[in-house]
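Have a look at the structure below, then the notes.
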Amino acid sequence: MLLEMLKDLLAITRFDTNGGFLIPYFLMLFLEGVPLFYMELAIGQKMRLGSIGAWSAISPYLGGVGLASVVTSLYLCLYYNVINAWSFWYLFHSFQSVLPWAECPINSNRTAPIEECQRATPTQYFFYRETLDISSSIEENGGIHTGQALCLLLAWVITYLFIVQGVKSTGKAVYFTATFPYVVLFIYLIRGVTLHGAINGVKYMFTPKMEQLANPTTWINAATQIFFSLGLGFGSLIAFASYNQYNNNFERQAIIVSLINSGTSIFASIVTFAIYGFKATINYEDCLERTRLLLLNAFSLAEDSITLDNVFEWIEKLNTTYPQQFAELANKLENCDLESELDTAVEGTGLAFIVYSEAIKNMPLSQLWSVLYFIMLLLLGMGSMLGNITAIITPLRDFKVISRMSNEMFNGLVCLFCLLLGLGFTTTSGNYWFTMFNDYGATFSLLFIVLIEVITVSYIYGIRRFEKDIEDMIGHRPHWFWKIMWAGVSPLLLITLFIFYIVNYIQGGTPTYQAWNKELGKSVVTEYPVFGQVFIGLLLVSSVSCVPLTALYVYCRKRKHGHHKRQRTVSTVSA
């Protein structure tokens, strides 16, 4: 169960945390997360099978639910280990006297910094040019980035070594990958809260933005965050619970792990936003300093007359006293706003690599903090990969053909397959495909899978039958709260979110992505080409279509089998 907590720690890189987000996050946790976590543990422990076998045991027509979970987990595995490859890349580059993202490299003429880096920032340049060697659009493809390909190979080799002996070796690996990051996070907490301006980031995190509650996307993001955090819908919970003892108290585990999970998420968020606050404050004060120097030079003022604390007072004073002269400076004055800096700090792809590395470079002993951070990120990522890959391997091993293969061979073939497909993410346009998988590969599928799961348990398998199974395993029936969630609240919420997702997707027009423009030194919003839109459609449909297609296959097979049986009966009577 420790393994599932790791998802939320790494999910901090995609955590949309502020006061307006925390409200739907906690509501989704108690109305969706904990009840469905409980339900999946109960199913896995009762059926003693992976996701495909467990749902097929409930009804042969529902084997597609488990297959959809396997497909979704496969998509996640393909791009998830790319994050680990990036972490290896940054870790290896941290052992230098000057961090390579701390300053711009010199051009080939040795006369000045590279122009692309000057237009952007050193951290952006290192991520987009050195790490990704990114193209200007998804349509411009190039060769494989050798360094990234080797890092991805290393990530998959380590993943294989963790799972080579099956779930037993996975469990041993989790003890280390689960505990060490807490040590690093605690060290970072002490360092983070002592940084200049850290309190600004923490205040930003807990300051409510109530207008977000009216935005359906906020609720969808909150649900998705919970699904990723707890591993709902991926099949990993069912897979791990299938190895539990029959009388294991999974009810207690569901509550404890869910609460620890969310507590860890908030803890990690505080650490992260303390560092974001430091970065934003530094940028804000740099902006004020540039404005101060501009005013001092333009109006020939004494050096100590304007300070960072009274810049805005002087702007208002000079604008009133010298309106014509001040108007000439209007185009040169920057809009220094701490809130805007904080908004910028928590947006965009490569969040953990651009924003965090920019904050690290401004710390004393930056190499030490960089090594600690990327080791932590690696352990979190590798721990999450163990759950992701187990969600694929366990259900597939329930098939007779695969069960005859050794763990070493089958697990190796799965890792090799994922590695070969994942190499596409190391090309120059690979990051755009990474973004596509990240945005569309799981959210829609998870909403659908979890909705089918809770409807199946409540209305096909039956709540009464399910609570008897629970009583048989843990000695008592579930509390009325769980039954109300399973039968009413959770399905209604999921249906609402599912409809909102479809409506938002249709009304949103052509899907867009952030393309890196090296001439401007920043990302620009770009529409996906036709082939990209078609691929997005395939991502959305491929996993959910497993449910109806499997049901249709089972129906046709039974009908064919029944037809042959009737024919044999008629032949016997005729004889």
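Every residue, even glycine, has its Cβ placed from backbone N, Cα and C.
Residues or ranges marked as Na(+) binding site in TrEMBL: S229, N261, L380, S384. Residues or ranges marked as transmembrane segment by TrEMBL: 20-39, 60-82, 142-163, 175-199, 219-243, 255-276, 371-393, 413-434, 440-463, 484-503, 530-556.
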Just name the most isolated of the binding-site residues S229, N261, going by other Cβ atoms within 10 Å of its Cβ.
N261
Stretch contact, the transmembrane segment (440-463) with the transmembrane segment (60-82), Cβ-Cβ under 8 Å, 3+ pairs:
yes
Hey, which of 20-39, 60-82, 413-434 has the most Cβ-Cβ pairs under 8 Å against the transmembrane segment (484-503)?
20-39
With the transmembrane segment (142-163) as the reference, find which of 219-243, 255-276, 371-393, 413-434, 530-556 contributes the most Cβ pairs under 8 Å.
413-434
I'm a bit unsure how to read this: which one of 60-82, 219-243, 371-393, 530-556 has the highest number of Cβ pairs shorter than 8 Å with the transmembrane segment (20-39)?
219-243
Using a 10 Å radius around its CB, how many other CB atoms surround L380 (Na(+) binding site)?
29
I'm a bit unsure how to read this: which one of 60-82, 219-243, 530-556 has the highest number of Cβ pairs shorter than 8 Å with the transmembrane segment (255-276)?
219-243
Which residues, given as numbers and ranges, are at least 6 beyond the ends of the transmembrane segment (530-556) yet have a Cβ under 8 Å from it?
60-65, 67-68, 71-72, 75, 138, 436-437, 440-441, 444-445, 448-449, 452, 510-511, 513
